[in-house]
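K.L.:
Pasting in a structure now, in structure tokens, and then I'll have a few things to ask.
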């Protein structure tokens, strides 16, 4: 042990110099020298005995007036590790072994203090104690056992795994430098299957691995340091080998034969099986099938069944028998994973020829449906084409090798506009083509045609004809709303009258409106205001009396095509000052009721007279049985009821909001006309208004039979037959005269053709009924009444 002599630094006290010369004679003191800092060294894990002294410290304490003791003050948590053997001496000792891996160095402070008071006598001295390393630690792996997996076709130039061990001894010394080595390999092979890099711990294949030879290996790796003595440890690596594709799939058959009907699709038509020696359900075993030749039209598709590894062939597009019934498919197979081989210990992926199989297919001919040359035929035709016009020829062909005869048939023609010649396919119109028909959508009318062959079984092909109807100016503008209700008492007002045209531009608006009647009554009451293109302002210049009034219009479209329209204005008493009350029924029902009512009255009067004479003659003498051939019998026909005589007229009123409250514009049937109140009228709902004449129930018919009365049926007896006939003749003449008066009271207007009636259609309205003449009804009067009055006509004709 070496000795360290460290003198104290002399401390000179500099006395203060005063003007007093005595004070300047005091002696000067030298400052003592401080401790020197040095480094001490200890060997770790010293075996002792302890305490073991390894250094001696002292100072020149003779210069002090008192005794000195030495004190050690370790830093941190190392109290008690170092001490002085004797306080008065300077022998420094360590009390127990030190582990360098725990603490590699210490900083210790030493002090010289007054032995009695303990006060420091000099400045503190710092020592660094360095612990010298010994090779007392072996390299340690992170785990004792490792589990990894690697593909069979792993390249030997690439590491399989890197194993690492660490040594706690001093870094950068031989004690911590590690060397790796392979101790053992299980199962053992002729040549080691793996190698270990001694410096980095990289594990590699030594050559090629074969899954069939060994599916797993266990390696024992050793890590050794370079210290003295050498320390080492071991770890186990379990390596699982994953099978790779080193076996090609092989078809179980080389040829297949199939018979397939044309025009059919089928799934799972054929299954192709292969054999593969690689591990099942791995990418090295799973097969991929491909159609190499024969599928140029895309009729077939082949997929792999994931469970059986078979190739499933299906037809996704029907085959066509086109004169070559035999077809040949060539199908190849390969694995999902690339094929590899081992060449001189090195893994390689060579190009491998595909394994192919042939599928011979015979297409069986079946009867095919005819096919139209154009599945959708578009024809541009002007509307208004009349019946009997040939518009096109629409034909189909039979794709069969031996064509069959074809006949044509209209499958869809909602308006029944055309017909087709069964053998030639020539389309001919049977009605006028109207673009404004409800069956036309955006000027297109659709027709479906079927072509049916005579094969076994017969097949049908469908073609579509789209008639694009070119618009012509065949519709005049018409009023949208042509009925206006005005409250009584309104003197002046204005209305907006709107028109519409079913034709397209340029055959539509803007419209020109004119008043067709220029009489004083019209000029004084009505006047046209501003024209808005599709509507015009109608000005009422003065008030009108109660009743119905007509305003005649002529409306022209942009091309000058015009028609006469009449606006009906009804002046009425308003409920609550804003709504007109219900109007009476239309003239049609009134007129028919007035005509039929005499016959109903005739029946009632006959019954009353017969009853009267029966009562008066029963007490005066023998009863006379009437000859039934003179009076005939009155039969009660249930269809002769008042509700059937009413016109079935809708009375839906649609208020037109832009107009003032005193006027309501309506869309209704032809305008009502004032008639005589004595005429029987009915409202639109069919309920009759009160009548001045009450119609009695039907009279019991006269019986034909023996002259003697029976117990359950009493005969009608009348003494004066001539008087009865005279009375009936007077009643009939009165009613006929009343009908003539009705005709004189009716304002007549020329018939008008409305747009919705059509140009060629005849409307048998109530205005077409002939009125009763001066003497007799027209010969065909009863024929005009329709089937409802057939029974009545038979009665009157007798």
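Placement of Cβ uses the backbone N, Cα and C atoms for every residue, glycine included.
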K.L.:
Tell me which range among 569-591, 592-614, 615-637 TrEMBL lists as transmembrane segment.
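P.N.:
Here TrEMBL associates transmembrane segment with the stretch 592-614.
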K.L.:
Could you tell me which of the ranges 654-683, 684-713, 714-743 is annotated in TrEMBL as region 'Disordered'?
P.N.:
684-713
K.L.:
Within the domain 'Cadherin' (142-251), how many residues are helix, strand or coil going by DSSP?
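P.N.:
Counting residues by DSSP class gives 0 helix, 50 strand, 60 coil.
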K.L.:
Count up the helix, strand and coil residues in the domain 'Cadherin' (373-479) according to DSSP, in that order.
P.N.:
0 helix, 51 strand, 56 coil
K.L.:
Taking every residue in the domain 'Cadherin' (142-251), what is their average pLDDT?
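P.N.:
Mean per-residue confidence for the domain 'Cadherin' (142-251): 92 out of 100.
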K.L.:
By DSSP, what is the split of the domain 'Cadherin' (252-372) into helix, strand and coil residues?
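P.N.:
Looking at the domain 'Cadherin' (252-372) with DSSP, the answer is 0 helix, 61 strand, 60 coil.
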